[in-house]
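K.L.:
My questions will all concern the structure given below.
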Amino acid sequence: MSASTPTRGTAPVGLSKGEARTYASYARPAWQRWLLTRETAVILLLAVVFVWATSSVPNFDGPLTLYYLFLDLMPILLIALPMTLVIITGEIDLSVASTVVLTSAVTGLLTVDAGWGFGQAALVAIAVGALCGLFNGFLVGYVGLPSLAVTIGTLALYRGIAVGLLGTEAKTGFPEEWTDRVKERIGETSYPQVLVVFGVLAVVFVLLLHFSGFGRGVYEIGLNDEAARFSGVDVARTKLLLFVLAGAVSGLAGVYYTLRYDLARGDAANGLELQVIAAVLLGGVSIFGGRGALHGVVAGVLLIGVISSAMRLQGETENVTTIVIGLLLIASVVTPSLLSWVSGRLPAGVKGASARSRRT
Amino acid sequence: MSATLAPPSTGGAPSGSGAPGAGGRVRAALGHALRSREIAVAVVLVLVVAAATARNDSFLLSGDGWRDLLLTPSILLLLAAGQMLVIVTRSVDLSVGSTMALTAYLTGRLFIDQPGLPIPVVVLAGVAMGALLGVVNGVLVAYAGVPALVITLGTMYVYRGAMLSWAGSDRITADQMPKDFLSLGTSSLVGIPVLTILALLVVAAVGYYLHTARSGRELYAIGSDPDAARLYGLKVPTRVLTAFVLCGALAGLAGVLHAARYGSVSSSVGNGIELQAVGAAVIGGVAIFGGSGTVWGAAIGAVLLVTINRALPILGIPEFWQRAVVGALILGAVVLDRLLAARRARRLDEERED
């Protein structure tokens, strides 16, 4: 076995009928290809939940709800962008939350202890994040190690370095002009200004994934990395670049985290990596790679945000929200298999219509 | 990974594996031992313990030191053994931490609500609860054909949320549990803590099962090539379900023992321990994509992980750097695996050319 082939994601036991790893059927009319997708389903669900919350959850339509919703979701929204690309290549990055903590620690040490200007410190932090990603990407892309194992290692390593640098201390007292800037709103609306940063990044990632040759390569790798190599995609370099992007964006999220809570400490962002991955998968990205789109992922993140925010306003505890999100994640991946199992038992006439649901 | 298991060439193998002579056999056994990952990790473990003892001899030689050395790893040992069973089939179980939390709380709850219940029944109830949660994971993974990473990520949230809603702000404390049960967590038999003996027995049983039982061998076959296993006629879904049920049962037992060992159950039991269990298996040489590795390796990996955490402060490294060392250890193990596999593949290539 060559050095780079065994890096398939946690390949499942059920994936052997060969139905999952193909492009969408281009035999279908365009409107069906566009509308009958996982992404549409998530967006519809988001719309339904949003309408329900606005109409029947008290205070959901208040001016503060969306504002805090976006502030709270921002790290997940940001990191979900590069994570989508990483998962579409069939890899995974579990080290993003640790990168957030490490870069937050770097920001704290440089600004509070060393007296740097915050702008410079933030740039260094983002560079540190990119470096973390570079290390992951080198081991996965060029050494050919499984990303699951590598990033479990760097998950411990990066957070370990952050805790080692900070000890039990927490850095606080960041310049107020910066901490205020994070919380400012766009004009008189209830949207925070940081949404603009997310918007710009989202456009960049959409162009990169859906409208560039590089993005086609990302899908190729996820569908079959050997075929991708033969068709001229530089598999190792693509993976390296995606991990660097994931690291750099996590660095940005780390800077945001620091400012939002005016705090840099070693136990921040615990479990954030799994929240990001859950949101990405809920948004219709296949863990096997080769399938998924950014509009679905953004809808997936927002869906989680709206559900938790609405349930909190209804007086439900965090725990119930956790259960609902877990069930939603399971349902979203089990439904296609369930549909195809059902369609297998239906008479032949109905089969054509339901066979499409076998994809995903 | 499966390709490296190719049979050795017949012509003039220099390794001496074909020679039946006594000297050749000893040399082959020695060579095997030197290549064995389990022994390599065990050597590192012995070195760590030796270095820590040299610095401060109470690490090993005092009564407390000896007890802690054996007792502390026992819970991660159980989780790593279960995780290894699942990883061998090319899956992963991220829900073990939440399963453990649920059974730990169930244990405390049973003692409070049913004071007369004998201890073995409570232990069995915890194991059964864990197994039941494992059935849920296993059915979803094996029969719905959905990757284990996604399913167990989902059930990790569901189980944790269920535990938190059930427990509310309750915290079970030592005085709510019977003394006999708590002494299970601290008492020793001929100098060895009971929990350690229990964990080692479980590991031995799992090892024996994987090594000898037909269904145990089939787990390896499924992990190295699921398609081939199915074509060969193995009952892939049933076996995968078995692996998840066993993993859940072991996580359940770990939860019960956690309650006994620490005497209290809070909502944060088992938080983040799932990745430690995977890390222990990886350090012990269990391939993350299934098909190879032993439960001994995972067990020694778990002991090393826990022991290194305790040894670092004694070795003069501030405890804050523990996690970084653990991360470096996992990365080192993964890189080492790749180097060894590449060397083995090269040697097989050379032999073919001869």
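Each residue, glycine too, has its Cβ placed from N, Cα and C.
As annotated by TrEMBL, transmembrane segment applies to A:35-54, A:66-88, A:94-114, A:121-142, A:148-168, A:189-211, A:240-259, A:294-313, A:320-342.
Any idea what these are sitting next to in the structure?
P.N.:
Long-range Cβ contacts of the transmembrane segment (A:121-142) within its own chain (Cβ-Cβ under 8 Å, at least 6 residues beyond either end) map to 7, 91, 93, 95, 99, 102-104, 106-107, 110-111, 150-151, 154, 158, 235-252, 254-255.
For the transmembrane segment (A:148-168), the residues of the chain that approach it from at least six positions outside its boundaries are 9-10, 92-95, 97-99, 101-102, 104-106, 108-109, 132, 135-136, 139-140, 264-267, 273, judged by C-beta separation under 8 angstroms.
For the transmembrane segment (A:189-211), the list of distant contacts is 63-67, 70-71, 74, 77-78, 81-82, 84-85, 88, 181-183, 218, 249, 252, 256, 293-295, 298: same-chain residues at least six beyond its ends, Cβ to Cβ under 8 Å.
Outside the transmembrane segment (A:294-313) by six or more residues, the chain places 37-39, 42-43, 45-46, 49-50, 52-53, 57-60, 65, 68-70, 72-73, 76-77, 80-81, 84, 202, 205-206, 209-210, 275, 278-285, 320-321, 324-325, 328 with a CB less than 8 A from a CB of the stretch.
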K.L.:
Give me the stretch from A:66-88, A:240-259, A:320-342 with the greatest number of Cβ pairs under 8 Å to the transmembrane segment (A:94-114).
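P.N.:
The stretch with the most close Cβ contacts to the transmembrane segment (A:94-114) is A:240-259.
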